[in-house]
Amino acid sequence: MNGTEGPNFYVPFSNKTGVVRSPFEAPQYYLAEPWQFSMLAAYMFLLIVLGFPINFLTLYVTVQHKKLRTPLNYILLNLAVADLFMVFGGFTTTLYTSLHGYFVFGPTGCNLEGFFATLGGEIALWSLVVLAIERYVVVCKPMSNFRFGENHAIMGVAFTWVMALACAAPPLVGWSRYIPQGMQCSCGALYFTLKPEINNESFVIYMFVVHFSIPLIVIFFCYGQLVFTVKEAAAQQQESATTQKAEKEVTRMVIIMVIAFLICWLPYAGVAFYIFTHQGSDFGPIFMTIPAFFAKSSSVYNPVIYIMMNKQFRNCMLTTLCCGKNPLGDDEASTTVSKTETSQVAPA
């Protein structure tokens with residue numbers, strides 16, 4: 001074993017020299033230089049500064065503008081709530097622990113931080129899945145005369161919470177465990193050892209298949225069908241400038257969605273899968289830390305992609321920020337979201 005395993009931690013550093021200390025009791029400066037911990041803290045501070053205002057503003061703008069309270073936006077609001085969970089449940093804790101160089105809140109704090117960070121991340125991930133399905137059903141119309149309504153949105157939101165809890169809760173009750181990861185300043189599920197006494201192998205397989213591979217397949221399928229449908233509609237209406245514009249907008253939105261999903265989650269999932277399938281191999285804390293912290297940036301990407309690219313929401317946000325006056329004019333802001341729920345090609 002190239003790491004040092006304790007009862008509730010795994011430090012990716014051999015203890016042959018006797019320098020390894022519990023990440024709950026002492027700074028981990030033998031894993032990385034102090035300035036590197038400071039860089040992590042600065043990064044988390046940046047995510048808090050960017051993530052909190054835009055997600056909070058999303059909730060506030062929706063309360064202020066009644067026309068935004070549509071079924072589709074229920075999912076977008078759920079996404080904002082998930083991102084706020086990550087900001088308050090994970091980012092603030094990680095900022096504080098990074099400044100100290102170790103996880104100062106102990107095993108109980110690690111469980112709480114790991115749970116809330118995982119819960120927020122999973123709610124966000126499954127919200128993206130629900131959005132993908134909603135766009136597929138509305139635009140591609142696999143079921144004739146189906147209209148995405150309030151009840152469907154509520155069921156979608158409930159589904160995201162059920163799936164998120166199904167991933168975040170098991171480590172709290174003995175199926176796997178939350179431990180400090182990478183540079184030992186943030187916590188996540190254990191994937192470094194098999195740990196048969198807590199059935200860790202089965203949990204990691206379950207998490208990778210159900211909470212990563214399946215969402216990825218669903219998102220690619222739905223948006224692949226979406227692009228195909230828009231292109232087909234454009235081919236049948238060559239003169240339609242509206243359709244041509246819709247094709248470009250939807251295609252651009254889909255490309256950004258897929259790229260952002262891969263950028264945020266594929267490196268983390270890939271590293272976790274590699275470590276899990278190469279037990280005993282040599283890997284350093286930086287190798288584990290960078291993908292995990294990069295995945296956290298989804299709290300900033302999400303509102304930019306799924307809300308800022310929504311013209312109506314963007315204009316309502318500008319109206320709120322500019323004290324009731326939209327500097328871009330009122331025509332675009334008056335477009336209703338219901339249009340996107342009945343159109344075959346219009347993006348959200």
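Each residue, glycine too, has its Cβ placed from N, Cα and C.
Some features that Swiss-Prot has for this protein:
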- 1-36: topological domain 'Extracellular' (TOPO_DOM)
- 37-61: transmembrane segment (TRANSMEM)
- 62-73: topological domain 'Cytoplasmic' (TOPO_DOM)
- 74-96: transmembrane segment (TRANSMEM)
- 97-110: topological domain 'Extracellular' (TOPO_DOM)
- CYS110-CYS187: disulfide bond (DISULFID)
- 111-133: transmembrane segment (TRANSMEM)
- 134-152: topological domain 'Cytoplasmic' (TOPO_DOM)
- 153-173: transmembrane segment (TRANSMEM)
- 174-202: topological domain 'Extracellular' (TOPO_DOM)
- GLU201, GLN279: Zn(2+) binding site (BINDING)
- 203-224: transmembrane segment (TRANSMEM)
- 225-252: topological domain 'Cytoplasmic' (TOPO_DOM)
- 253-274: transmembrane segment (TRANSMEM)
- 275-286: topological domain 'Extracellular' (TOPO_DOM)
- 287-308: transmembrane segment (TRANSMEM)
- LYS296: N6-(retinylidene)lysine (MOD_RES)
- 309-348: topological domain 'Cytoplasmic' (TOPO_DOM)
- CYS322: S-palmitoyl cysteine (LIPID)
- CYS323: S-palmitoyl cysteine (LIPID)
- SER334: phosphoserine (MOD_RES)
- SER334: phosphoserine (MOD_RES)
- SER338: phosphoserine (MOD_RES)
- SER343: phosphoserine (MOD_RES)
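Cβ neighbour density within 10 Å is lowest for CYS323 among the recorded positions CYS110, CYS187, CYS322, CYS323. The Cα of GLN279 (Zn(2+) binding site) lies closest to that of CYS187, out of the recorded positions CYS110, CYS187, LYS296, CYS323. Each residue contributes its Cα atom, and for CYS322 (S-palmitoyl cysteine) and the residue listed as 'N6-(retinylidene)lysine' those atoms are 30 Å apart.
Counting every protein chain shown, 23 other Cβ atoms lie within 10 Å of the Cβ of the residue listed as 'N6-(retinylidene)lysine'. Taking the C-alpha positions, the distance from GLU201 (Zn(2+) binding site) to CYS187 (disulfide bond) comes to 18 Å. Residues of the same chain lying 6 or more positions beyond the ends of the topological domain 'Extracellular' (275-286) and with a Cβ under 8 Å from any Cβ of it are 1-2, 12-13, 28, 31-32, 36, 182-184, 191-194, 204. Among the stretches 74-96, 111-133, 153-173, the one making the largest number of Cβ pairs under 8 Å with the transmembrane segment (253-274) is 111-133. If one looks beyond the transmembrane segment (153-173) by at least 6 residues along the same chain, the residues whose Cβ comes under 8 Å of a Cβ in the stretch are 71-72, 74-75, 78, 82, 111, 114-115, 118-120, 122-123, 125-127, 129-130, 133-134, 189-190, 203, 207, 210-211. Note on GLN279 (Zn(2+) binding site): other Cβ atoms within 10 Å of its Cβ, all shown chains, come to 11. When averaged over the topological domain 'Cytoplasmic' (225-252), pLDDT in the model lands at 67. Under the DSSP three-state reduction, the residue listed as 'N6-(retinylidene)lysine' is assigned to coil, being neither helix nor strand. Of all the Cβ atoms in the protein chains shown, 16 others lie within 10 Å of the Cβ of GLU201 (Zn(2+) binding site).
Contact check: the transmembrane segment (74-96) against the transmembrane segment (37-61) gives at least three Cβ pairs closer than 8 Å, residues 6 or more apart, which meets the contact criterion. Nonlocal intrachain contacts for the topological domain 'Extracellular' (1-36), taken as residues 6+ away from its ends with a CB within less than 8 angstroms of a stretch CB, comprise 100-104, 106-107, 110, 177, 179-180, 182-185, 190, 192-193, 280-286, 288. When secondary structure is read from DSSP and collapsed to three states, CYS187 (disulfide bond) falls in the strand class.
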